[in-house]
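Annotation source TrEMBL lists coiled coil at 306-451, 501-633. The compositional bias 'Polar residues' annotation in TrEMBL covers 242-275. If you look up TrEMBL, you'll see 284-294 marked as compositional bias 'Low complexity'. Among the features that TrEMBL reports, domain 'Autophagy protein ATG17-like' is placed at 3-116. What TrEMBL records for 751-795 is domain 'Autophagy-related protein 11 C-terminal'. The region 'Disordered' annotation in TrEMBL covers 240-298, 678-700.
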Amino acid sequence: MGEILQTVTKLRNSTALSSLEFMYDIAGLTAMLAEVNGQFAALDLDNDGLEAVHLISMLDTLPVTYASFLAEAVRRSEWNEKVKSDSSTLANEMVNFQEEEIRRRRKWQKNIGATLLGEKPEEQIMALEVNLQGGEDDWPQVSRQDLEELFEILRAENSQSQIVSDISKIISDLSNPTRQQSRRAKAFKAGSIHEAALGKSALLMRGDDDLLKNLQDEKVKVENKLKTAESRVRRLEDLLHRQTQVSRTSTGNVFQVPNNPSPDAQNTANPLTSPRHNDDSRRSSISSRRFSSNRGEEEKAFQQKLLSLETELIAERERASGLEKEVAAKDTSTSELNKRDFMEERKSLEDEIKRLKARLEELEDEMDRYLGSRENEKSDVDDRVHILQEELDRLRKDTAAETLKAQGQVDFLRNDAKLQRETNETLERQMQSLREEKKELMSRTIKAESAAEDQLKALQDMHLQLSPKLRMPQEFTALSGSLTNKSLNLVSELENTKRGYNLAKSQRDDAETTISELRAELAEYKEKYSIQVKESQNLRENLSSEKAKFSALEAELADERLQLSTLRTKIADGETGSEALRSRLEEEEQKVTSLSEDLAGKLSRIGSLEEEKRSHKEKHQFAQERFDRLNNRFDSRTSRAKDLTQRVYSQNDKLVRLLERLSYSVTKENGSMIIQKLPKPDRSINGNDSSDPGNKIKRSISGSTTMKAMIDSGDLDLLYWMHNDDPEAEAEKYDSFINSIGSFDVDSFCEVIAKRVRDMEFTIKKYSRDARSYREKSHRAQKEAHEKIAFKNFKRR
């Protein structure tokens, strides 16, 4: 008993420790769930999101629902077949009964009814017509094999899942009989047919394989009980036969000591009997000795038979006490609740045993009174013995029934304890699954938060690069909308820049053509001017020579005039030779007039040359002014083209870096731009932090296939394509610059940015839905855990 108490104490202590650990775990889980619920409080979904979550949650139960529909289709098809077969069987049997009744009536009419009724024809006999109502439903034709195939497929995928166990339960429930079938199957009670359990109708029992199987099982059980009863009857008959043999031998040896052991010896051979049993047996032995001394041989045989019955009763009592001890030993190993129930049951059994003992004492007193009265006859004694034997058999049956009842109670308590242990194990497994689910939920929540933070940080970096002077929105939707607008503005600005660049390019081409024309015209003017300068120099030389000639002519004219005047004076003085002098004078005058005419022509020629020189000088000055204006305009357009080139370069560089910061690689193949998403191991090379200079260095050296936004010195020289004196070199550098920068695909960039924003919005919505579903699951699991804990505490109380 002490070992049992120690075992029970150890078991109680271990149970208390395990329950305390469970309570600690539950308290920690509750605290963690409160924190998670606080974090999930901000993640709200609209009605569409909730409907989507409910729709997704229904997918978990879809295999079980499909299996349940298959089982329902199997049940309905079997029910239809069963109704059809039973209705046809019922109709055939009723037709047979009708024909038999018709033959019986004809026979009675022929033999007896004709005396009064004459040859009256038989009226229509009452018959039964079976009509099936209800059309064929639209359920598919499904067999049990289809359900088994579905179960095998799911078990091959995951044999330990809850879905497989649920489908297995559905299949097992498919084979269970209905309530009426079970009631009809258990129609035998205590060896007789129980009409109430048999049911009101036994028509549907024909052709039911499941019901036949249940009936066969019940038949086997009844046969086993019958064999047990027959063996007990045979043992009793054998014992009675032995007692009769002993009585026969005692009639031949009346004065000899009987060989049968006395009740005292039997009691000493049974050390397990109680003191009350010993007193009863001692009193019986005393009465038997008194009876043997006063009665004859027949009474002695009756006494021996009675003693044998008493020994059997003592053996039954010993069995009852053994059962009591076994129940007490099993009671100590169960919980306090089961112990109280079992103690109450044991008290009821003890009360029943006391009642049986009181009944036995009454029987013994009655036997004593019977033995004390010598006026009864032998026939009455035999009847009394028969009655007592029947009473003893009834007591044995009652004792066996009580024993079976106690055994059933013990089995029930065992099953209850086993169920309690299974419930505890189930709770432990559920707690473990809740812990694992909580860990997974926490990890997924952390991942979702980190992913959301990374996405938000990337968007903030993008916003900081695109518009560093504007205030950054804090909400994700406003930030994504602002970035979308900024990207669209960038794209439109880039397109406007390209259009301005193309316009400046066309204007530059026009200016270049105009400048080339002006240069050609200027060269022509320069050539003409040089020719005219040479001509003016020649004219000046001619003029100087003419002036020298003119001065010489003037001097000569002065001499001639002087001579003329002298001649005139001489003529006036009357010198001779006037004719010769006149002729000479006329010649000189002609010569003077010719020289005067030549001088006037030369003077007019000099005036015209000076006028032509003045006009050429004015043209040269006008051409020089126009050349200066065109040169200034060309320089301004060159500076504008340089500014546009640098701005286009910087815009392309920013857009390429933006794509790289968004984990995209930009490659250039065959003059076209290819944008690809980098794998996760290569994303850490690019980085998302714009404030870290190391990330810029890494980004600048990341990959040989990435577009290097014209960082090399050769590409930088292309930015100054307009600073070339050689037109061919300038055109070549310009074409190279256009080829290097014109491969940027604006449409692909817009598609990538729009897709990335949509993906980020979808990811955030998905994480919000997941968080909402996990929060609901955690609430549901917490509620179930609280309910189970409350139920467990209630059962312990």
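Backbone N, Cα and C define each Cβ position, glycine as well.
Owing to the predicted nature of the structure, the values given are computational and were not obtained by experimental measurement.
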Within-chain partners of the domain 'Autophagy-related protein 11 C-terminal' (751-795) [C-beta distance under 8 Å, separation at least 6 from its ends]: 26, 29-30, 33, 36-37, 40, 43-45, 49-50, 52-53, 56-57, 337, 420, 423, 427, 430-431, 434, 437-438, 441, 444-445, 448, 451-452, 455, 459, 476, 480, 483-484, 487, 659, 662, 664, 675
For the domain 'Autophagy protein ATG17-like' (3-116), residues assigned helix / strand / coil by DSSP: 105 helix, 0 strand, 9 coil
The domain 'Autophagy-related protein 11 C-terminal' (751-795), counted residue by residue under DSSP: helix, strand, coil: 45 helix, 0 strand, 0 coil
